[in-house]
Amino acid sequence: MEDLTHPPEFIVKPRGQTVWEGRSVKLHCTVAGWPKPRITWYKNNVLIDAKAHPEKYTTESNYNMHSLEIKNCDFFDTAQYYASALNVKGESSSVATIVVKSSRWPEFERSYGFSPEHGVTFETTIIDKFEVAFGREGETLSLGCTVIVYPTVKKYQPEIQWYRDSVALKPSKWVHTHWSGNRATLTLIHLNKEDEGMYTLRVNTKSGFDAYSAYVFVKDADVEVEGVPVAPLDVRCHDANKDYVVVTWKQPAVEGSSSILGYYIDRCEVGTHHWAQCNDTPVKYARFPVTGLVEGRSYVFRVRALNKAGVSRPSRVSEAVVAMDPADRARLRAGPSAPFTGMIKFTEEDPTVGVVPGEPTDVVVTEATKSYVVLAWKPPVQRGHEGVMYFIEKCMSGTETWQRVNTGMPVKSPRFALFDLAEGKSYNFRVRCCNSAGVGEPSEPTGETVVGDKLDLPSAPGSPVVTRNSSTSVVVSWAASKDVKHLAGYYIECSEVGTNVWVPCNNKPVKTTRFVCHGLSRGANYVFKVKAVNAAGYSQDSANSDAVVVQPAIAIPSKPTGVTLLEAVKDYMVLGWNEPGDNGGADVRGYFVDYRTVKGSVFGKWHEMNHQAVTSCTYKAENLKENVLYQFQVRAMNMAGVSTASLPSSSLECKEWTITVPGAPVGLHVLEVRDTSVVVLWEPPVFDGRSPVNGYYLDLKEASTGDEGWKGVHEKVNTKKYIKVTSLKPGTSYVFRVRAQNLAGVGKPSANLGPILAQTRPGTKEIIVDVDDNGVISMIFECSEMNEGSEFVWSKNYQAITDSSRLTFVNEKGRSRAIFNSPSLEDLGTFSCVVTNTDGISSSYTLTEEGLKRLLDLSHEHKFPVIPFKNDMAMELLEKGCVRFWCQVEKFTPALQVEYVFNDAIITQGKKYTMNFDKSNGIIEMFMDSLEVTDEGTFTFNLVDGKAKGTTSLVLIGDEFRELQKKSEFERAEWVRKQGPHFVEYLDFAVTQECDVLLKCKIGNIKKETEITWSKDSIEIAEDDEDAISKTDAGIYEVFLQDERGKDKSIFNLTDAGYQAVMNELFRVIANSSTEIQVTSTEHGIILYSDVKYYTDELRVGWLFKDAKIAASERVKAGVTGEQLWLKINEPTEKDKGKYTMDIFDGKDGVKRVFELTGKVDSCFSCSDRARVVGGLPDVVAIQEGKSLNLTGNVWGEPTPEVSWMKNDKELVSDDRYKLKFEAGKFASITIAAVTTADSGKYALIVKNKYGTEAGVFTVSVYNPDDEEAKEEKKGAQQKTNCPTVFGLRLCV
């Protein structure tokens, strides 16, 4: 029975097929095996469930013949299909590739079919398409298109699918797709070079599909260390087994500053973040077997490149792979079979338990490199239920000694990589099986294997051929490398001629031998080279291509439009048409006209009318027959060939016109297309009518409107053959037409021109006007999109410039300069420049009379430049009377030279003059120690900086010079004065708030020996002379300073005006110190009073009642007691009520205090029982410090008054210091034992009863006999300092 069982084996394998879209295809296979194998089908490793999708798949199994039918194939059915056969003895599989081809691919071959499901034919339009895109590793890039499906069916959405290099993309953490209902977006997260390729958006509907493609380039991220390689790419895992996997990758496009020495492979167990290096020695082969994996665990891998400069960044990590037996992986992939759930396990009683396994078979060397050798074999037929493991042995050729390689641990997988073999030596290999029962017999030896690379480097590709493609791309083609195995692809590099710097055009190898290189600079000259790459490394570079200038490829022009009749006579007609919208990248060289006759509905054959191309957009068709109908068509020609024919004109009858108005203008075209403006030009009509054409009208309309949208651009007739249209809407398309006018009227409009999109081309430049350093005026126009044969054509007022005497043209690469030979009013006008053989690149500049004047002024400035001054020459006096002349230059070079001139004579550095030029700030200075009579005149600074000059002067003559000389002498005398003791502030006066009058000054530079003397009228004043100021103090006060260094004097005139000024200031302080008017009562009446800080007899005080001066009388008296100003009113009556004003003179207008006397206070005032202080208290008490003070005041009042004492407005209480007594209701006393200076102040005895209150006020002054000595010491201390000091004379205490 054991001999009958065997694993599955494909007798007939499924065969790959190519099928047209919409057809069905069937895969067949025949499988042998016992027990009978179970067959499952996979599509790209995904299980096919035919029962779940009966409309798509049908599977059959009869008599060991199995089939899979795929119905109604479409693009998505292109895949690899696996047939897997499984029984208890093992698993086997076979693969076949199905390719579905579509007659509607690519996009421009699309067609649509009727959808019976919805009853419509869907038409798809893709707009707002993504362009060729460039990204950099690590960035995020989005691609998108707007998709319009017509008609719109409710709840129906097309199927959107994205592809990269024809492989469908699935959403992942790197790929995000979005469909909004009309916008399809693909977002590539964290770009890597694996993301480079051709991206295709495919829109599938029930009627068919539409697609659009564009290439995405991914540049390498900047390297962290200069010269290291960039990261490898496309890391993949193959041949995964229980403890073994083969990792492959592709070499990067850039090796760095030196060749790549090898690669390091890192692995990381899924779920962790720990990366472990798999190889200690870098491997050059782009394929490496990784051993030592743990069965059942998942791993990801990455690769790093190494050269002499260092190690690259790691590649993008591979997809995760599980270390497990391929048969187990197939069983897991197969999953449960319907309709029940769970796994079916095929088991049978194994009679080989405890049996030593047999020998492996088919041991072969699958890979041999300088670094390692890989062995593969088939497990033995007899291996037991428990499974087997393997020992590998090697034997060097020429010996009979077999060595076991893996002595420590047998391997589980039928794959093994041997390292550390001697390069160039020959080895034999064999394998033994083992299990718990023991080690089996060895396999047959592999035969001699030489250690070395079996895979050779690819040969160099053929020399590349480069052809033009677009303004930023070229097509590179080359011959494939010969006899290359396992080609990974090709890298293309380019270098701009003259730089010797090579840049990769692709960062992911391409397998085709044709590639479009994008991102080049328009007009630049490039050479290209190609190299091939496989797992062994890079080939030699191909030979360099011929240099090619990047320019759009030249194609035939598009067809002309708008063929119309301009004039008709008996035997000829004049035709006109519009030039092609696209000239194919080269100027249109001419046109060919065809004609045919029309009789009713019968059209004749087309005949050529001209064998020589006509260069204008008009043609005189001669030798025609009168009254016959003709149709005409026109074809355009450029250097690439002849275009297709235009649409035929309408049927035109050849008969003479009798109209009087002019025909239609011809040759309409536009220049200088911008967002809001365009210049429209045309040629006169061929037929003028009865009188010559005297003007034109231009009409326009938006392209989206009908004929009712036409409107005139201008009201007055335009006599020129061009006009600039402004105020256009950006992004809006317009159509233009022109009508000619003569004396008879306005003719019919020209053929329509447009639509013209009002949009400024990216990179558009305007004409700039330049004035160079030599004053030459020129107009400059630059163009970065020059094509082969392109030229700059200048015109004035849009007419070719024929007079070369006015302008000189200098053309360089991409730049044209029109130089004015002798600019004048003759040059006024609009100058324009057109670049031929381009898409209408042009610009204009209007030179006005005002602009010409400005340019001429600027030219003169450049020819005769003037050094600009930030500040013209100025003068200032310095210390010692020194005079400084200075100016500041705004703009200059280090070569600036200064010439100093006085009265036309050059002066130089010396004893009298000192010069300085600070080039850090542009300040020029000249110093003179003093001014003498001979220094009257003009001072000048002459500046020379290259050819630029500058002059600045200062004139000092007459009174201005003499005034300056006096100031200089004064400043010098002041400096001499200040070398000794001197006055910083001269003698002046001040009045303090306490009404003390001070004569003071501020002195400086004094020392201990300096003598300071005060005098009045030449009589020295002693310091202890103090008294109230009066007229006796008037006089001349002087202060003298003197020591061995010098002397100084200050005088103050305190007579007449000086004395009056001091008194007025004193009056001001006194007046402002007055308190508000208060009232008190006496036994005879009332007293209005106000207190001041000080009083002098010279102070004028007036009292007013109701704004009238009060006359003195026995009943009303005014006076002063001490520092109290009062007004006594005896026996007041009702008539005494009203406003009282006290007017105190303050040196100017006076200070007024107002009191309003109201109420029934008169009865209280007349009461004789009011509380009063009737005597006993002096006005002033002067007492020596340490003595005792005892004062008693006599008090009157009925009832007996309340008594209190105040000091400086604060109430006193009886304590150890103040003894306060009130005896017999009449005597109030205060006693202070051992007074001090702190007891000085203003005291008051306050008495109060219900009829009134009165205060007895007196002043206590406590003096110290030692004060004179203290003052003397203070004066001595002040004289010891050299700092400025304030000295004063006190005149009022």
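Note: Cβ is positioned from N, Cα and C throughout, glycine not excepted.
Keep in mind that this is a model prediction, so the values were computed, not measured.
So that you can see what the record holds, here are the features copied from TrEMBL:
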- 8-99: domain 'Ig-like' (DOMAIN)
- 116-217: domain 'Ig-like' (DOMAIN)
- 231-325: domain 'Fibronectin type-III' (DOMAIN)
- 359-453: domain 'Fibronectin type-III' (DOMAIN)
- 460-553: domain 'Fibronectin type-III' (DOMAIN)
- 556-657: domain 'Fibronectin type-III' (DOMAIN)
- 664-763: domain 'Fibronectin type-III' (DOMAIN)
- 755-848: domain 'Ig-like' (DOMAIN)
- 1183-1261: domain 'Ig-like' (DOMAIN)
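Per-residue pLDDT, averaged along the domain 'Fibronectin type-III' (460-553), amounts to 89 for this model. Listed stretches 8-99, 231-325, 359-453, 1183-1261 were compared with the domain 'Fibronectin type-III' (460-553); the greatest number of C-beta pairs under 8 angstroms is found for 231-325. Helix, strand and coil counts from DSSP across the domain 'Fibronectin type-III' (359-453) read 0 helix, 48 strand, 47 coil. Helix, strand and coil residue tallies for the domain 'Fibronectin type-III' (556-657), in that order: 0 helix, 47 strand, 55 coil [DSSP].
Between the domain 'Ig-like' (116-217) and the stretches 8-99, 359-453, 1183-1261, it is 8-99 that has the most C-beta pairs under 8 angstroms.
Counted with DSSP, the domain 'Ig-like' (116-217) comes out as 3 helix, 58 strand, 41 coil. Helix first, then strand, then coil: DSSP counts for the domain 'Ig-like' (8-99) stand at 3 helix, 58 strand, 31 coil.
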